[in-house]
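Novice: Feature table excerpt (TrEMBL):
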- 9-136: domain 'Glycosyltransferase 2-like' (DOMAIN)
- 228-342: domain 'GtrA/DPMS transmembrane' (DOMAIN)
- 253-272: transmembrane segment (TRANSMEM)
- 293-311: transmembrane segment (TRANSMEM)
- 317-336: transmembrane segment (TRANSMEM)
Amino acid sequence: MPTQTSAVVLIPALEPDHRLLALVADLRRTAPDLSVLVVDDGSGAGYATVFDDVAALGADVVADPVPGNHGKGHALKLGIREVETRYPGADVVCADADGQHTVQDILRVAGHVRPGTAVVGGRRFVGDVPLRSRVGNAVSRSLFRLVTGLRVHDTQTGLRAYPASLLPWLRSIPGERFEYELAVLLQAPRDGVDVDEVEIETVYLDENESSHFRPVVDSLRILAPLIRFVGTGVASFGVDVLMLLLLQALTGSLLLSVVGARIVSGSVNFLLNKFVVFRSTDHRATRAEAARYVALAVSLVVAGYLMLLGLQTLGVALLPAKLLTDGILFFVGWAVQRRHVFRTGGSGLDELDRRDGWVTAVEPVETSATVSTGG
């Protein structure tokens, strides 16, 4: 039976210990009006007593009916689906099970929820922070800003809050493991979802040994969307250089060579960005996206030709001039595509809600989960 509540604290848990019990107990004592939903992400029979104790504290416990660990992203989406079913209209606050998020910070982040906005609890990584966490977040933060233009101090934080209206959108984002949380942040500006960062306390217990984050494998998973974005640009750049040199040799005309090379590489780049990077599967948007892309491409062609002409007038050889010109225009084109070409426009969410079949196209999550209800 659906339960009336304003917000649900969603906690994915893999092989939890006493810290999860302490967090749930503190939440129930400090904020009894908030519901708590814990997702057992394949911890195994050896942890059944921990989840029984969690349920006894008044939390609901969900276990995926398919045995095994499916990843944090999968657990979050399973929990979100359960929230929509059991707590219709409730906002969601996601927190980790290892004690890194204090109840005060959870409530602070929950208090910033508003329509159309994803709220993240950002640590500042000062003081005694494990090296792998400091380095990993520094790299992720820098690349994230390069790709999106957004300043987010902590792209890997698990403390986040979302209004109820964003839950179908959250389930639509690909990703089953740690890469899912970064994918949410990457997708947000493309769909017109605001990102609000609230500073929280930096807490690492036992040098972060309880974390199931695998530095190499999961870092590659996290960086995969960023790598794809850069990779499409590099691939298109390679096509452009080869076509420029080929057409220059065949025609001897710099103008024809620049235009021809950009038409070919631009077509390749548009298709890669649409289907590989932004994964824009709404074919009805292709015409508008293509029109914006062509307008951008024409502007870049003109700018590229003028820059190449100027550099060659100064005595710079064609290939070095090409490298310098495209190195500059790459970042210009990247920023414009990110902010204007592949965006839905307006609030983003209104447009998503108007798409026929959008909700039914959301990646399905098994709903026949085993649920324990706290007393």
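Going from the start of the chain as shown, residues are counted 1 onward.
Positions of Cβ are set from backbone N, Cα and C atoms, glycine also.
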Novice: May I ask for the residues of the chain that lie six or more residues beyond the transmembrane segment (253-272) and have a Cβ under 8 Å from a Cβ within it?
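Specialist: Long-range Cβ neighbours of the transmembrane segment (253-272): 232-233, 235-237, 239-241, 243-244, 247, 289-290, 293-294, 297, 300-301, 304-305, 308-309, 312, 318.
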Novice: Within the same chain, where does the transmembrane segment (317-336) have neighbours whose Cβ lies under 8 angstroms from its own Cβ atoms, ignoring anything closer than 6 residues to its ends? I mean 6 or more beyond.
Specialist: 149, 229, 233, 237, 240-241, 244-245, 248, 254, 296, 300, 303-304, 307-308, 311
Novice: Would you list the DSSP helix, strand and coil counts for the residues of the domain 'GtrA/DPMS transmembrane' (228-342)?
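Specialist: Tallied per class, the domain 'GtrA/DPMS transmembrane' (228-342) gives 103 helix, 0 strand, 12 coil.
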Novice: What is the pLDDT of the domain 'Glycosyltransferase 2-like' (9-136) when averaged and given as a whole number?
Specialist: 92
